[in-house]
Ligand code: SF4
């Protein structure tokens, strides 16, 4: 909570991107309680599980003081003539996920982003800190939270967690690129399995402060 309060005082124009995973739901609740009244920005790739969209709608109802913004690449059809996530997942993420958010951030120009990632989500996030520099500062208030702490917080506050979480979908992205994780796996082990990819590309090339 201290990190969020510091962020709100120092970066009043910050934005919060969210995919409404467990981390995101906890961060939304903490931020709302700390006084955040800004935007929660979600990118609808066209491939989300219906449960994810329902989770967004439940959050919207629960936090009327927040502005939920849904972005879309507006791709009704695959201009490549096939399901691109099979042959070119990097390209698919680039047009469906990264580009809409990048364009929106270029328009809004927030000085900082409030981000829900945590160290124990994946080995690739093991060195995550509270602050990361990049195109704009990213503030990670949950960096040191464990999954057990997040689950306990969600239970205690009766948060609207995506129902797929209870079925082993500990990190939930698009349905073609997400599976339930097995016991002992990282939370993000079910993302892009067999596709040689661990991140959508949004947060690559930035470094911890
Ligand atoms: S996660 Fe998969 S389906 Fe979603 S944008 Fe990326 S490659 Fe495409």
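Glycine is no exception: its Cβ is also placed from the backbone N, Cα and C atoms.
Annotated features in TrEMBL:
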- 200: active site, nucleophile (ACT_SITE)
- 92, 93, 174, 177: [4Fe-4S] cluster binding site (BINDING)
- 16-180: domain 'Phosphoadenosine phosphosulphate reductase' (DOMAIN)
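Within its own chain, the residue listed as 'active site, nucleophile' has 93, 97, 98, 173 as residues 6 or more apart in sequence whose C-beta sits under 8 angstroms from its own. Here the binding-site residues are 93, 177; the one with the fewest Cβ atoms within 10 Å of its Cβ is 177. Most buried of the binding-site residues 92, 174, judged by other Cβ atoms within 10 Å, is 92. Model confidence over the domain 'Phosphoadenosine phosphosulphate reductase' (16-180) stands at 92, taken as the mean pLDDT rounded to a whole number.
Same-chain neighbours of the [4Fe-4S] cluster site beyond 92, 93, 174, 177, judged by a C-beta within 8 angstroms of the site's C-beta center, are, in sequence order, 45, 47, 85, 89, 96, 97, 173, 176, 192, 200. According to DSSP, residue 92 ([4Fe-4S] cluster binding site) sits within a helical segment. A strand conformation is recorded for residue 174 ([4Fe-4S] cluster binding site) in the three-state DSSP classification. In the three-state DSSP scheme, residue 200 (active site, nucleophile) falls into the coil class.
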